[in-house]
Amino acid sequence: MNISNIKIMLLGSGELGKEFIIAAQRLGIHTIAVDRYKNAPAMQVAHESYVIDMLNADALEQLILAKNPTYIVPEIEAINTDSLVKLEAHNFNIIPCAKATKLTMDRQGIRALAAQQLNLQTSKFAFANSEQEYLDVIQSIGLPFVIKPVMSSSGKGQSIVKEHNEIKKAWDYAQNGSRGHAKGVIVEQFIDFDYEITLLTVRHKDGTSFCDPIGHIQKDGDYRFSWQPHTMSDTALAKSQGIAKEITDALGGYGVFGVELFIKGDEVFFNEVSPRPHDTGMVTLISQNINEFELHLRAIVGLPIPDIQTLQPSASAAILLEGDTANASICGIDKALADANVDIRIFGKKEIHGKRRMGVVLTKAQNTHIALETSKQALAYIHLTK
């Protein structure tokens, strides 16, 4: 196989895309990073970069036609997926495929596939396109419930409603966190689950492979900590892998899928799936013999996927900083790195207005509990320069 002539265009150039571009660069693959703002993290390591509105069909199609990439790899949801469907019909390679990208960009599409077509176990749910519909569906779902915008990313607009006086506030929060013109929400019965996992699932030319389950803690719908492996029963793991294979087979294409699942005893509930590397999977940068970004690349270009191994119990902690500056300066890294079991990735984001994920702490230890505690200790050292 000659991969030197491959050209990859990344749509969305955040921190996950940066690690993917680095993986491609290491194999001599030409890379193009695209986003709506200049100097995005992945642009800092790509051969070429372009700033466009990826929701603008004309701008997106013109750039793709001009650059003629071998593979088009979406990193975010805020892309004109109708254009990707059109381009795929003209023999462009969309990763994993245009169908998967379009279906997973909104919760209504993917929940319909999972619950109605595949009959996967999910929480009780309903959709609402107006505030009155929202109030109506609450009557059948009951308290407590989770509300999420139909279209959003990184936990924006999500909240758990436990009391009646939180209902109006949660609707407004969902509207403010919704992406684009979509105003619909999904209302889900709150499952009092034991834990939640991400099961990184790799579809490739030789079949489907799984990484060890990743446990994680979320706050306000966004990842804060993750660890691998997460201990679970053989029964729950087998069910999780079965669900992950079923949903990813239905979506199709090659690449890494981040399948989010709720576990209660040996019961497994499908939550969401992303057709790309997952933020909780950043722990694989330290935990696995082949990290999720390298796996995504290998699956896309047709390179072998050997046995995926967890080398040691590991954890990650999102470096979430708060400030208001166009030139962020981060300090405390020297103190955090004094521990030989700690590594750090700083994403290269300069602007911060409010809270923003600026990097990740990676740790390894003899067990995940110690790795997680070590990540929290390292995280405590890191802050913006005052």
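Cβ atoms are placed via backbone N, Cα and C, with glycine included.
Keep in mind that what you see is a predicted model, and the values were worked out from it rather than measured.
In Swiss-Prot this protein carries:
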| type | residues | note |
| --- | --- | --- |
| BINDING | GLU15, LEU16, GLU75, ASP279, LYS349, ARG356, ARG357 | N(1)-(5-phospho-beta-D-ribosyl)glycinamide binding site |
| BINDING | ARG107, LYS148, SER153, SER154, GLY155, LYS156, GLY157, GLN158, GLU188, GLN189, PHE190, ILE191, GLU196 | ATP binding site |
| DOMAIN | 112-301 | domain 'ATP-grasp' |
| BINDING | GLU260, GLU272 | Mg(2+) binding site |
**Request:** Let me know the DSSP-derived helix, strand or coil state of LEU16 (N(1)-(5-phospho-beta-D-ribosyl)glycinamide binding site), please.
**Result:** helix
**Whole-number mean of pLDDT values that fall within the domain 'ATP-grasp' (112-301)** = 94
**Which of ARG356, ARG357, all binding-site residues, has a Cβ with the fewest other Cβ atoms inside 10 Å** = ARG356
**Fill in**
In three-state DSSP terms, ARG107 (ATP binding site) is classed as helix
**Inter-residue Cα distance where the pair is GLU188 (ATP binding site) and LEU16 (N(1)-(5-phospho-beta-D-ribosyl)glycinamide binding site), in Å** = 28
**Message:** Please give me the binding-site residues out of GLU75, ARG107, GLU188, PHE190, GLU196 that lie within 10 Å of GLU260 (Mg(2+) binding site), comparing Cα atoms only.
**Reply:** GLU196
**Request:** For ARG107 (ATP binding site), identify the closest of the binding-site residues GLU15, GLU75, GLU272, LYS349, ARG356, judging by Cα separation.
**Result:** GLU272
**Request:** Measure from the Cα of GLU188 (ATP binding site) to the Cα of every one of the binding-site residues GLU15, GLU75, ASP279, ARG357, then give the nearest.
**Result:** ASP279
**Prompt:** Since the record lists GLU75, GLU188 as binding-site residues, which of them has the fewest other Cβ atoms within 10 Å of its Cβ?
**Reply:** GLU188
